[in-house]
């Protein structure tokens, strides 16, 4: 299988995103190799060697996506037997021209600690954990958003993603089987926070599959019960005009990006 | 403040990473605007309009980082009054040449749901939550890694990040004040999983600050107690040859990338 390397003097997250965005356009399978924190000429020579070995073994030049600030390190990587893609250096001169300002590459630490936003994100993660699954209703005043939905409709991973990536404080509130014995009504505790509510729903079959993995052959997992619960929550969302989205076909990244787009919540990440 | 737009027909995560990696090289402050899911000509015209308004208001052309597959949508964005940066289209021809394969842009959904890896990530998040803070020792056999350290040294956010981003099952085990009354020894429950342990440590002053926000003026937060606990865990890591790292100056992204680099754990993300 063709190899693709992601190399950086930092975390290599940027080079991974850069390379994957491009390679996802091609109907080709790759073996992915990420090599972060290459900061010295010695380390760079080792990586150069790895790329050459891969070329010799497979007869195909590996693709090499890199984001390296140190010129010496970059040069050594560029002299390897891989095919090099270096988007930083391609675009920097263009941006310098648009801004009328020279780049200051020593500042290149895209995914390093930023005093101002770092604590915000950790605090948001702690908030999401403390307010997961309706475990804590007293902090809802502090929440940026309260995700609601039935069990296993994607609330918890989404709230954690919103916290980790965007520093958004997301509580989540589960509608339970008990709430559905009658027509589902907006629980009293949520009424004053209605403007913060965002509903999730999911296809009944998919929910049934997910719940079956958790508790096979239970009432909880039955397709019938899934259908009842989803009908009830969707009716509630419509009646109460709570914005909602069907998570079935979407990744956590997409659900989160859609929630931000719909609610207008601001990212706290830079 | 100069505006920077991140536009995509998907989540816009790639265009954000693309733009931020570049802008982080410049000593300039920006107002960041992300606009995801631009899929129709009509939506694109609206965005085009927003960019023009921003130019008229500020007198400075906004920077526009975009990753758009649909040619019609892309063309409308490119005709705006912003300065356009489009790394997909710059690099696609080069990669086509290297691979001898044409791009199939309909497949461009970098951050969308991938059947094979999606469930792995959700399962890993559930695992991290169920095995947070030593709450569940019986699943350690299933863990890819067990993060250990004192309270508030970064275990929980790191285990969640490893799960969400990389699909890695990370349990975490806290060494408590009680464990330190005497010289800290490796708890019996961890002995058979010693090969999976990874230690975190942190500067005493930083730990003191973090704990003070949580429980001011407690013994738990005192600098003295922080020093004792950190000395004990670091001695244990050294004695038991447990790989460890000091999280003080690092972001969650960096800690996670370093852990993967040190342990050789494979990303399950593609």
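In case you wondered, yes, glycine gets a Cβ from its N, Cα and C as well.
What TrEMBL annotates here:
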type    : residues                                               : note
BINDING : A:149, A:150, A:151, A:152, A:153, A:154, A:155, A:156 : ADP binding site
Original post:
Setting A:149, A:150, A:151, A:152, A:153, A:154, A:155, A:156 aside, what same-chain residues sit with their Cβ within 8 Å of the center of the Cβ atoms that define the ADP site, listed in sequence order?
Top reply: A:172, A:174, A:200, A:202
Original post:
Given the binding-site residues A:151, A:153, A:156, which one is most crowded in terms of C-beta atoms within 10 angstroms?
Top reply: A:153
Subject >> Which listed residue (A:152, A:155) has most other Cβ within 10 Å, given these are binding-site residues >> reply: A:155
Subject >> Near-B candidates in A:149, A:150, A:156, the binding-site residues, by Cβ under 8 Å >> reply: A:156
**OP:** Give me the non-local Cβ neighbours of residue A:154 (ADP binding site): same chain, 6+ apart in sequence, Cβ-Cβ under 8 Å, ordered along the sequence.
**Re:** A:200, A:202, A:247, A:252, A:255
Original post:
Near the Cβ of residue A:150 (ADP binding site), how many other Cβ atoms are there if near means within 10 Å?
Top reply: 26
